[in-house]
Amino acid sequence: MPSRKFADGEVVMGRWPGSVLYYEVQVTSYDDVAHLYTVKYKDGTELALKESDIRSQSSFKHRKSQSSSSSPSRRSSSRSRSRSRSPGRPAKGRRRSASQSREHKDDKKKTVQETSLALPVFILFKPSENNTKRYNGEPESTEKNATSCIILEQKLKPDLEMKRVLEQYSLRSRKDDKKKEEIYSEKKTFVAVKPIEKVSTKTKDLEFGGRIGTFMLILLLPATVFYLLLMCKQDDPSLLNFPPLPALESLWDWRVFGIFILWFFLQAAFYLLPIGKVVEGLPLSSGRKLQYRINGFYAFILTAAAIGVLLYLQFELHYLYDHLMQFAVSALAFSLALSIYLYVRSLKAPEEELAPGGNSGYFIYDFFTGHELNPRIGSFDLKYFCELRPGLIGWVVINLAMLLAEMKIHNLSVPSLSMILVNSFQLLYVVDALWNEEAVLTTMDITHDGFGFMLAFGDLVWVPFVYSLQAFYLVGHPTTITWPVAAAITVLNCIGYYIFRSANSQKNNFRRNPADPKLANLKFIPTATGKGLLVTGWWGFVRHPNYLGDIIMALAWSLPCGFNHILPYFYVIYFICLLVHREARDEHHCKQKYGLAWERYCQRVPYRIFPYIY
């Protein structure tokens, strides 16, 4: 095994990935397996670099001195020649001062033109304007306006036209062309290989309590689902009134399992239909972008039509209510089998396709968090499909089954007002998610987390059977509310939905096109990755306004169930814990990714989720 060249703590010059720019960095660690150095830039950004991308400071300065001390006869600049003249020739220089001054002005103008022509190349490769200024010792601006992108683009247009003129009529000397050719060929050796070549390294920071924590979660999460479903069936669903355990043989029904399999593959068939647009996701570590078909809303319409046909044919949809526990067991068995398949296939996946958070080398941890980032069978993306289709649409179907079961059990001609509110609020949430399906491509689930037991169980078991808890509770524990109370709860849900949707739309539109004139009023902090951190609008109010809207809606979903028991409020309590934990994960990843820019953002926006509270 070759020995490492640079020691921990050593200050060296590191090449920014995908560019020819070198910056002063400090070596923090070395991976013996991947042969990668973890280096830290001055703005706090940490990256993994190969040894070939790192140079010692002495050799870097030596190369610079060599280029500057080249023969004066080979320099094209008149200023270089004036410095290389002997002290005994100033008179000649004075006699030619007028012409020399004109030549100097022409050369200076030419230098400015060539510098401006090189500017677009520099912009493509530099980490950020703010970052470059910091390394050059210049004062930095902490905020930018989205209109600056448009102004920059307009400024570059005449430079690009000048470049085409210069190339067409060859206004430079042959020496300049030759020198530029050498520089360009040197750039090609750096750039033409791959845009950003980043080898996946082992996951060092283990989340969810590490191996012991993930093992406990694999056991506790299914137990929590079954406990909640059993509690809802009891006449007194108090926390201290533990439900009796059912017989094991009553938990499994092959017919129920067959219906679940049929449901899963029906949604898969809808996913494969050639309807809806195809979009690209965010760039992977290799620079490649995966394609996704956006047709979740069409799948929902087709599912609604199929359910309507079943009801027209007198199919008893409240069958779901009578066998909900067996459906949950079937979903658990399927998600467990899917998780095993995903882990086994991930063992043969290339290194660059592994998830950054699920490559620890520990079986239990990688099995839980997901070892492979985007497992696909052909063009069928398993994680993306499970994220919104079978579980989220299944949640609406279960809610509808609870509504029909309530009418049948209590002999009602119309559903109760509480049941109507719960169904309506949650239907709006699901339809909104499917209508804005493209937004899920920028979430942590898609971009960072692998597809393992955590997401498979969450998508197929937790979402449909825990999120429908309020409707399930109302079937056995009817609650009467007045119209003014219902109106107040509706207003609360609308406020939460408005915050949730407008915040997400603001973020997604800015990510797609920061130069959009509609976003000209938004200010942002530039980062070393080229992305901006919004400091106005909803994202200048709190760091996660979408989480705030989510929590307000979750409370509105539970209020129609009354205050007799805490069980229907489990969703709100769990959701607050989930989003606080996810916010902590976001904080950790963003601090590593954006460095000093994230610290400035936190100073500008001090509150995380709840304004003036947290």
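Using N, Cα and C of the backbone, Cβ positions are placed for all residues, glycine too.
The domain 'Tudor' annotation in TrEMBL covers 4-62. Taken from TrEMBL, the feature region 'Disordered' covers 53-113. Marked as compositional bias 'Low complexity' by TrEMBL: 66-75. Summarising the annotation, TrEMBL assigns compositional bias 'Basic residues' to 76-97. According to TrEMBL, the compositional bias 'Basic and acidic residues' annotation covers 101-112. Residues or ranges marked as transmembrane segment by TrEMBL: 212-231, 251-273, 294-313, 325-344, 455-475, 481-500, 521-542, 562-581.
Same-chain residues lying 6 or more positions outside the transmembrane segment (212-231) and placing a CB less than 8 Å from one of its CB atoms are 237, 243, 246, 324-325, 328-329, 332, 364-365, 367-369, 453-454, 457, 461-462, 465-466, 469, 472, 567, 570. Non-local neighbours of the transmembrane segment (294-313) in the same chain are 266-267, 270-271, 273, 275-279, 388-389, 393, 396-397, 400, 430-431, 433-435, 437-438; each lies 6+ residues outside the stretch with a CB under 8 Å from one of its CB atoms. As a summary of secondary structure, the domain 'Tudor' (4-62) carries 9 helix, 28 strand, 22 coil according to DSSP. Sequence-remote contacts of a segment are chain residues at least 6 beyond its ends whose Cβ falls under 8 Å from one of its Cβ atoms, and for the transmembrane segment (251-273) they are 293, 295, 298-299, 302-303, 306, 323, 325-327, 329-331, 333-334, 380, 385, 389-390, 393-394, 460.
In the predicted model, residues of the domain 'Tudor' (4-62) average a pLDDT of 80.
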